[in-house]
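Asker: What follows is a structure written as structure tokens; I'll ask about it next.
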Amino acid sequence: MSSSITDEKISGEQQQPAGRKLYYNTSTFAEPPLVDGEGNPINYEPEVYNPDHEKLYHNPSLPAQSIQDTRDDELLERVYSQDQGVEYEEDEEDKPNLSAASIKSYALTRFTSLLHIHEFSWENVNPIPELRKMTWQNWNYFFMGYFAWLSAAWAFFCVSVSVAPLAELYDRPTKDITWGLGLVLFVRSAGAVIFGLWTDKSSRKWPYITCLFLFVIAQLCTPWCDTYEKFLGVRWITGIAMGGIYGCASATAIEDAPVKARSFLSGLFFSAYAMGFIFAIIFYRAFGYFRDDGWKILFWFSIFLPILLIFWRLLWPETKYFTKVLKARKLILSDAVKANGGEPLPKANFKQKMVSMKRTVQKYWLLFAYLVVLLVGPNYLTHASQDLLPTMLRAQLGLSKDAVTVIVVVTNIGAICGGMIFGQFMEVTGRRLGLLIACTMGGCFTYPAFMLRSEKAILGAGFMLYFCVFGVWGILPIHLAELAPADARALVAGLSYQLGNLASAAASTIETQLADRYPLERDASGAVIKEDYAKVMAILTGSVFIFTFACVFVGHEKFHRDLSSPVMKKYINQVEEYEADGLSISDIVEQKTECASVKMIDSNVSKTYEEHIETV
């Protein structure tokens, strides 16, 4: 085992005197201490705590507030993020056990496991104290991400509110125009994979800018598409951008924020989707006052926000957290090379990556299958209840443009409130019970929202319906992250979400086709001229609420599972310590490389990068 250049705290019988740094190693040679730019050895003194965890000494090179914030975050990851100290270290329950006894025990505990109400604490539920800790830079990055997701939703719902003029322009039935909505959802998975890999590996900034540039192109070109085929091609670009923007926008918005504030900020961030719908319907109505083709101006006007965001993002560097991640990766790689006897690590080829992915799927196939099925329901909920709402209000109920605008705005305000309130409410109920409550309430409001067919009923019941739909989404992201296994969280959680989204891509097209089976009026030739969209939306939305309820009930949860990566946390702490001492990470890596070039007597067996990570 190679020695470590990084600072080591000595526990047990060995004690380190204050003001001294003790280097030790387990190999056959000693490594030199780290030095600063002038060649002077660094005398780094770590923080020391007594058994009661009272701080006896802190590094004077770090500001007091910074030290306290770091300590708070570490305690939060270990204590606040654990419910009564429950940890899931081995994750044995992620591996399927299909014995009869295991299945029986699991089935009998589906109801009783819901009865545990977690301890109520205003400190856990009230986000205001933590929001006050947000700096202006934190808010700057948050709104940069928030408005990027809003612009994506705005671009998507521009088609939803313009179905009627688009159908007239291309002389196509409504179901063909709604296929443009479905196409966006179909190709979102491709965008998520392409830009997700780029975002995780290299940058948050440039994928963000690229996706926004694609939105500008798509929104600018859509009104100029003179054929239906060109229209679909342009919406295909929108789908790629929409799939890619979510990951980099959410990371930009959340990852630098205080840890305790992230739950509330996550719910607020997702509400940008509903706000995008509000922007689309308001400006559609506003431009419709002046011109019959006001929908074209809506598309062109919507590009101002992504253009503004592109210039805004160009002015700011990568987030602080991601900058530390990039530096930590350099340290991880240098330590892995050192552990490999100084030899460069071989890169895994495509076949080896596929074999690794196959092993992961074989290990977690049951959990993965459950998560895919679970995600189908909420994705259908969103699109089945929202995408055709303006069409139903205009074409079936014959409401005025002003009434349609008011209803869409009010119901989406309900969606915004639901996401934030349920996001905090689940801290008391837990994930599953919170989801079941949202599904039950939503099912109760489905019939009056769609079937009473009056403006007042839609305003009241519709507000509560979308309150519950987005209440589901206020809980689901963290529930999904907690269920996914630690060693395959990105693969299992990300792929299951995208497959669930893919399954729901045709929701609006299915609704328009089913509406033809429930005609309200026919012309002299027997052709349907007025469809019952409300009945179809009520049937599909109610069915999906029941489906989602069943999936959540038979599932399980890992409330407040620790989502942090111990390896990355360790190396990020090293980055912070080195930079606090005025060291360059590049210099640290160079020194590690020089030390790794020294031949060790016991270096006959080389380590892989994965084995090094396991050792850490």
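Note: Cβ is positioned from N, Cα and C throughout, glycine not excepted.
It should be emphasised that the depicted structure is a prediction, and the values quoted were computed from it without experimental measurement.
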Asker: Out of S99, S121, S586, S603, report back the residue that Swiss-Prot marks as phosphoserine.
Answerer: S603
Asker: With respect to the membrane, does Swiss-Prot record S385 and G430 on the same side?
Answerer: no
Asker: Of S66, S81, S203, which does Swiss-Prot mark as phosphoserine?
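Answerer: Out of S66, S81, S203, Swiss-Prot attaches the phosphoserine annotation to S66.
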Asker: Tell me which residue from S11, S202 Swiss-Prot records as phosphoserine.
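Answerer: Annotated as phosphoserine in Swiss-Prot: S11.
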Asker: If I look at Swiss-Prot, which residue among K9, K55, K607 would I find recorded as ubiquitin cross-link?
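Answerer: My reading of Swiss-Prot gives K9.
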Asker: Which listed stretch (141-161, 231-251, 364-384, 458-478, 536-556) has the most C-beta pairs under 8 A with the transmembrane segment (297-317)?
Answerer: 141-161
Asker: Could you give the residue numbers and ranges of same-chain residues that sit at least 6 residues beyond the topological domain 'Extracellular' (454-457) on either side and whose C-beta is under 8 angstroms from one of its C-beta atoms?
Answerer: 397, 399, 403, 407, 448
Asker: For the transmembrane segment (364-384), name the stretch out of 141-161, 177-197, 264-284, 403-423, 458-478 with the most CB-CB pairs under 8 Å.
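Answerer: Between the candidates 141-161, 177-197, 264-284, 403-423, 458-478, the best contact partner of the transmembrane segment (364-384) is 458-478.
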Asker: How far is it from S584 (phosphoserine) to K338 (ubiquitin cross-link), counting Cα to Cα, in Å?
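Answerer: S584 (phosphoserine) and K338 (ubiquitin cross-link) have their Cα atoms 19 Å apart.
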Asker: Going by DSSP, is S584 (phosphoserine) sitting in a helix, a strand, or coil?
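Answerer: For S584 (phosphoserine) - judged by DSSP and reduced to three states - the answer is coil.
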Asker: Below 8 angstroms Cβ to Cβ, which residues of this chain, lying six or more residues outside the topological domain 'Cytoplasmic' (424-432), approach it?
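Answerer: Beyond its ends, the topological domain 'Cytoplasmic' (424-432) has Cβ neighbours at 113-114, 116-118, 120, 124-125, 127, 263-264, 267, 474-475, 478-479, 482, 552-553, 555-557, 559.
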Asker: I need to check the long-range neighbours of the transmembrane segment (403-423): which residues 6 or more away from its ends have a CB within less than 8 Å of a CB in the stretch?
Answerer: 161, 263-264, 266-268, 270-271, 274-275, 277-278, 281-282, 284-285, 389-390, 393-394, 434, 438, 455, 458-459, 462-475
Asker: So, taking each listed stretch (206-226, 458-478, 536-556) in turn and counting its Cβ pairs to the transmembrane segment (177-197) that are under 8 angstroms, which one gives the highest count?
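Answerer: By Cβ pairs under 8 Å, 206-226 leads among 206-226, 458-478, 536-556.
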